[in-house]
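Novice: Mind looking over this structure? Questions follow.
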């Protein structure tokens, strides 16, 4: 009698196939796409013109200016002062200064002849303008060094370089470490925190690997899209993407691994533990990611190019973080089992408080005096929020853009000391050529305008035949106040009103100051539009997840209050600790999107667990069990996210430092006060009614006991 053939290998062996394949796929993804994290800078641009509002008057002037440039150029302003004694006269060196830069004509990167050196009214400074190619890229520092060397040959003087080209070089230098330094600081910080949290060797490395794979995939996708001009990347977006992916992927991984550890204590089988962990946590992870991704996509409604750029890029990073967390991480957890926590050993126990002693005490405190807890927490948050209106978001002056000393800022300060405040950054007026005279008179009569002259055939403003292009002329108006000051912005408003009144001139006013003013106004309009959209998106997601109306409203209100409290504290710290006069116009909106979306994340983690426990044990017990079970992991996630955003501070730009502080402090405030005390205490005090009209909302009043 023949023996029947054996069927395919036991399902017990076949079930190993899926995690092994997933692991191999991610190893290939990481190996093949990993280099794109470093290559993203190749498709990034830090051109300041691309930060302008699409519909602003100053942006239309930028487009109109192109026709008046015989060559595409970027100006370098050379300023000479007395060497060793800045108060000494340097007019005797005027001819030598002119000769020093005249000799640069024809050198690599130099466009046309330099302007003659002109003295300041006080006779203590000279300035000349050298035009360079606008797309020098990595060659720009060398070209600037050549200009500096030539200008430095004037005896008895000290030469400094100011203007757009010098500022661009310093900006590129600030972003130089964004590929390696920022990522290294973030990963090392996260690894140290994970080692302290888990007291394990393998699991922190697995979580870091999951985050790195997510970053590699997201950078590769963004690189491909940016290379095809589908999305735009700059240094700020690049830095935020790295931090966002590392922080979000780690947070989601912490939630899943914490649930897996709980399930290992209940299931002897690692496959069953992973299935249970995924079943109970995937909804919260996906909902949390959706709030962040959709909140970021709301930035597409912005009229500011850099805001719109961050939206899709950040959303891609969040999606890749979720994909890695829900595929790579479960595969590795199945393969490692309890060994993932080595040298710790998850043990089976029936004690729900095991491993959560601290958070059991916090839950007991909330249970004993919920009204007192939420009242004190609310009072503290309101006290902090009271300072929020003092935060100025009108932009920062040039000398505050960088948090360290930079050559271009020092040169600009020297220029402002001896020449009209707006020297080197004139307001630019474009008007119909046949209305040149009345427009010129209107500009010169405007309070705050030091001088105004049409651009001539030589390509420079001054006496001579005005350059007419397509029936239009360009007028450069030098302002009395520094170009980055509030006084200069007020002058631009008056100048616009004056030239707009000239009949038939069709005049437009742009230039650096006008760009700053338009950006400030557009940022305010963006906040008015985007903030309610983000809140509505989050509210809808919470309603779908929690199947309630009142609880989502409560959660959105608490995270909004947390944002206002964070702004209040930030206003005090920025002014009295960092010495900033204000923030970039986009900082409050970025802070809102990140803090509100990420703040809701932690409340989603908490309240989805509370709902799960409440359906089994009642509302009151559900709150206590949910807070006890999630307190540790959510706090760890908050610390990780705060630390990763704090890593943005290694880039010496005020914008990123301000974002780093707002998000880091706000996340810690949310995890330690809002999510740990305020929300549980409010839910405990309100009781089952907070879950109306869902199933929990119809529980008996005993749920409040």
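Including glycine, each Cβ sits where the backbone N, Cα and C put it.
I grabbed these lines from Swiss-Prot:
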TRANSMEM  16-36  transmembrane segment
TRANSMEM  177-197  transmembrane segment
TRANSMEM  202-222  transmembrane segment
TRANSMEM  237-257  transmembrane segment
TRANSMEM  281-301  transmembrane segment
TRANSMEM  316-336  transmembrane segment
TRANSMEM  373-393  transmembrane segment
TRANSMEM  529-549  transmembrane segment
TRANSMEM  554-574  transmembrane segment
TRANSMEM  587-607  transmembrane segment
TRANSMEM  627-647  transmembrane segment
TRANSMEM  648-668  transmembrane segment
Novice: Counting only residues 6+ away from its ends, which parts of the chain sit with a Cβ under 8 Å from the transmembrane segment (529-549)?
Specialist: 283-284, 287, 290-291, 294-295, 298-299, 301-302, 555-556, 559-560, 589, 592-593, 596-597, 600, 604, 607-608, 611, 690-697
Novice: Which bits of the chain, at least 6 residues beyond where the transmembrane segment (281-301) starts or stops, bring a Cβ under 8 A of a Cβ in it?
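Specialist: Distant contacts of the transmembrane segment (281-301): 248, 251-252, 255-256, 259, 307-308, 310-312, 314-315, 318-319, 321-322, 325-326, 526, 529-530, 533-534, 537-538, 541-542, 544-545, 589, 593, 596-598, 600-601, 604-605, 608-609.
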Novice: Test the contact criterion for the transmembrane segment (177-197) and the transmembrane segment (16-36): 3 or more CB pairs under 8 Å, pairs 6 or more apart in sequence, then answer yes or no.
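Specialist: No, the transmembrane segment (177-197) does not contact the transmembrane segment (16-36).
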Novice: Under 8 Å, at least 3 Cβ pairs, sequence separation 6 or more: does that hold for the transmembrane segment (202-222) versus the transmembrane segment (627-647)?
Specialist: no
Novice: Per the definition of 3+ C-beta pairs under 8 A with sequence separation of 6 or more, do the transmembrane segment (587-607) and the transmembrane segment (648-668) touch?
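Specialist: Contact between the transmembrane segment (648-668) and the transmembrane segment (587-607): present, because at least 3 Cβ pairs are under 8 Å.
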Novice: Select the range from 237-257, 316-336, 373-393, 554-574 that forms the most Cβ-Cβ pairs under 8 Å with the transmembrane segment (627-647).
Specialist: 237-257
Novice: Could you name the stretch, out of 16-36, 316-336, 554-574, with the greatest number of CB pairs under 8 A to the transmembrane segment (373-393)?
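Specialist: It is 554-574 that shares the most Cβ pairs under 8 Å with the transmembrane segment (373-393).
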Novice: Can the transmembrane segment (316-336) be said to touch the transmembrane segment (554-574) if we require at least 3 CB pairs below 8 Å and skip pairs under 6 apart in sequence?
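Specialist: Counting Cβ pairs under 8 Å (6 or more apart in sequence), the transmembrane segment (316-336) does not reach the transmembrane segment (554-574), since there are fewer than 3.
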Novice: Is the transmembrane segment (554-574) packed against any residues at least 6 beyond its ends, judged by a Cβ distance under 8 Å, and which are they?
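Specialist: Sequence-distant neighbours of the transmembrane segment (554-574): 378, 380-382, 384-388, 390-391, 535, 538-539, 542, 580, 582-583, 588, 591-592, 595-596, 599-600, 603, 607, 658, 661-662, 665-666, 669-670, 673-674, 678-679, 682-683, 686, 690.
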